[in-house]
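Engineer: Dropping the structure in here first, questions after.
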Amino acid sequence: MGIKGLIGFLSDAAPGCISEVTLESLSGTSIAIDASTALYQFTIAIREGSYLSSLTNSKGESTSHIAGLLNRCIRLLELGIRPVFVFDSTPPEAKSQTLAKRKLLREEAESSLEKAIEEDDKEAIRKYVGRTVRITQKENESAKKLLRLVGVPVIEAAEEAEAQCAYLCQRGFVTAVGSEDADALVFRCGVLLKNLTASNKPVVRVDLAKALELLELTHEQFTDFCILCGCDYCGTLKGVGPKTAYNLIKKHGSISRILEVRSETLEGYEAAQEYFRDPKVRDITTIDRCEANIDGLREFLISENDFSEERVDKLIERLQKARSKKTQLSLKSFFGYPPRAANITRNYTVPIKGVSPPAVVESAVDSTSDDGKDEVPSDDKVPSVNEVPTVDKVPSVNEVPTVEEAPPADAVPTVEDTSEPPSEEPDAKKRNKRVPIEVDDSLVPDNLKRFICVQHYDPRVTIKRTGASELGSDSVDSLVSHICGVYGIQSGTPDNDLSVVGEGILWPNPILQRFRSVTKDLPNSRLHELWRCSSSHGISWDALDKLYINFREARDSSVEEWDKYAPEIVDFASKVARDKITQWLDGSTSCPPRLLRRWTHLLYSRWRERYLHVYGPRMLSRYLKGEVTDRVLVREINECLPAGVECSELPLDTEPSEHNPHFVRRVPKSGS
């Protein structure tokens, strides 16, 4: 069951944490898949298609799960997705009552199904057939055998597969969990993917950190909320659904306090809290990936399970192609359109009233104009009190915000409070005073300066300005002239009308275009042929993979370091906010708590976004464009040089931007 109605509630109350994604966009990722829900999906899909019968072999054993699992595994491998299947083991004691209830419900469904068959009631048959499906231990074992023959890792959980999947996600073995049970979120998996193994439904991505931020709940409160919604490890309160559960948690903070106020009892909730907090999992140090056993797979499918040879040959051909080709990181998945908001059908029909979940606080630095100049959008909309967490609720930073280059440090936007002030405010006119959110560097603790002060940033990656809107014509001319002068390349008159073949993230590219323009008259047919046949020659997929991995590692280490110091940053933000409010109220000694929370959250959010904005998806494209441009230039320079002369690197240095050291511009290298 998972958590009853959770996904439907999140789609209404925190839609920003849910999106629809394509399988193609997951290329290059490793995903832990809850095997039990996947096998159930495969079996029920086939049984629903035929109303009653499953696929079976000559011994009468079901093979529906084998057919579905094999096809889906091959599809995932073809897309460059690395699945890890996790199987349930002995269920925890806290789940015994739930399992007993499920057994009774299944027996009732079997009786109802028999009656529906006798009456030839197709709608009733369709309704009850899914409720009678059960994955046996023998089917589990055959699924494990199949996966090992295919070469897909199999992990047997200590108890619950969802908990083991979440453990793998926390330890960095996988990037997401594929399951239909939402309790993987309660077990602290960062990203949940629903419908991953369904063939006719879009994949739904749920971000835990964003959900907690939008709901304004700590993870402990989120756990209590999910227990009240209904979970597998204890009962729930009568008449309490997701809407009521959320309002109760927001009002009282915990189940124990709710029970105290309502004078009710909830048997087993403490055991459920403990199990969600510290589930029994198998300690994993490595995940071994092996080659597919083609001969063994053929024997298993044809001899043991009576698959047709023709069908098996086609499946094995697809598998070998998927396993033999190198997993390439899809540029489309890097720089494609953002995920669509998910259209989730709620599991309950009562509309949610009185729930005002917070919206995402807009970034102070979220875009650049078309001409490449930094824009500072107006920020006169301060989030409402419901949108601001208290100081002790530190927002998690598991998802890097997608924002553009920060504006100059001396051009930080100001904020105007437009909400109704507290009654203790002495003069209503003071609401209109604008106070800058920037803080003097000298007031920032030394250990926090590298997070808050732009000039103290320690870049792990730098982005070279390469776009047409980022470079002036004089700068481009100077760079190309310097390159040609260093290597003695006879440059001709630039042809501004030269048509350069190119597409993708590398273009438009004024540096490459200018270099090709001045070398177009050289008697070098090979160079001209390169221009015609390739827009990004000189860089292999291996090199591109390394660049991407370098960017990801830099992002992950930056996020990890921010999270480590987040409590101290919040404390400092609170101190700065208090000082700003005092200034705003002309020295008043009172500090309205609502404004303190609002300003603390605002400062923290802006500092975080400015520190991490360099790792957004659009920044990745700019990073790759700069690095690939250098490699392509080196290749083309070498084509212009005589035998025995080689260019290994460009005769250029970089200088950091005066506004942000993460961004650099190329300059001629002195002495070259």
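From the backbone N, Cα and C atoms, a Cβ is placed for every residue, glycine too.
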Engineer: Looking at Swiss-Prot, which one out of Asp34, Asp207, Asp224 binds Mg(2+) 1 in the same site as Asp88, Glu160, Glu162?
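Structural biologist: Of Asp34, Asp207, Asp224, Asp34 joins Asp88, Glu160, Glu162 in the Mg(2+) 1 site that Swiss-Prot records.
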Engineer: Of 300-308, 327-335, 444-452, 597-605, which range does Swiss-Prot call region 'Interaction with PCNA'?
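Structural biologist: When 300-308, 327-335, 444-452, 597-605 are checked in Swiss-Prot, region 'Interaction with PCNA' belongs to 327-335.
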Engineer: Within 10 Å of each Cβ, count the other Cβ atoms and name the one among the binding-site residues Asp88, Glu160, Asp232 with the highest count.
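Structural biologist: Of the binding-site residues Asp88, Glu160, Asp232, the most buried by Cβ count within 10 Å is Glu160.
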Engineer: What is the nearest of the binding-site residues Arg72, Gly230, Asp232 to Asp88 (Mg(2+) 1 binding site), using the Cα of each?
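Structural biologist: In terms of Cα distance, Asp88 (Mg(2+) 1 binding site) lies closest to Asp232.
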Engineer: Where does Asp34 (Mg(2+) 1 binding site) sit in the DSSP three-state scheme?
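Structural biologist: In the DSSP reduction, Asp34 (Mg(2+) 1 binding site) maps to strand.
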Engineer: Counting other Cβ atoms within 10 Å of each residue's Cβ, which of the binding-site residues Asp34, Glu162 comes out lowest?
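Structural biologist: If we count Cβ atoms within 10 Å for the binding-site residues Asp34, Glu162, the smallest count is at Asp34.
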Engineer: Cα distance, Asp34 (Mg(2+) 1 binding site) to Arg72 (DNA binding site), nearest Å?
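Structural biologist: Answer for this pair: 14 Å between alpha carbons.
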Engineer: Other than Asp34, Asp88, Glu160, Glu162 themselves, what residues in this chain have Cβ atoms within 8 Å of the centroid of the Mg(2+) 1 site's Cβ atoms?
Structural biologist: Ser36, Thr37, Val86, Ala157, Ala161, Ala163, Gln164, Cys165, Ser179, Asp181, Ala184
Engineer: Mean pLDDT for the region 'N-domain' (1-106), rounded to an integer?
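Structural biologist: Computed over the region 'N-domain' (1-106), the mean pLDDT is 81 on the 0 to 100 scale.
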Engineer: Count the Cβ atoms, other than its own, that fall within 10 Å of the Cβ of Arg72 (DNA binding site), considering every protein chain shown.
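Structural biologist: Total other Cβ atoms inside 10 Å, all chains included: 19.
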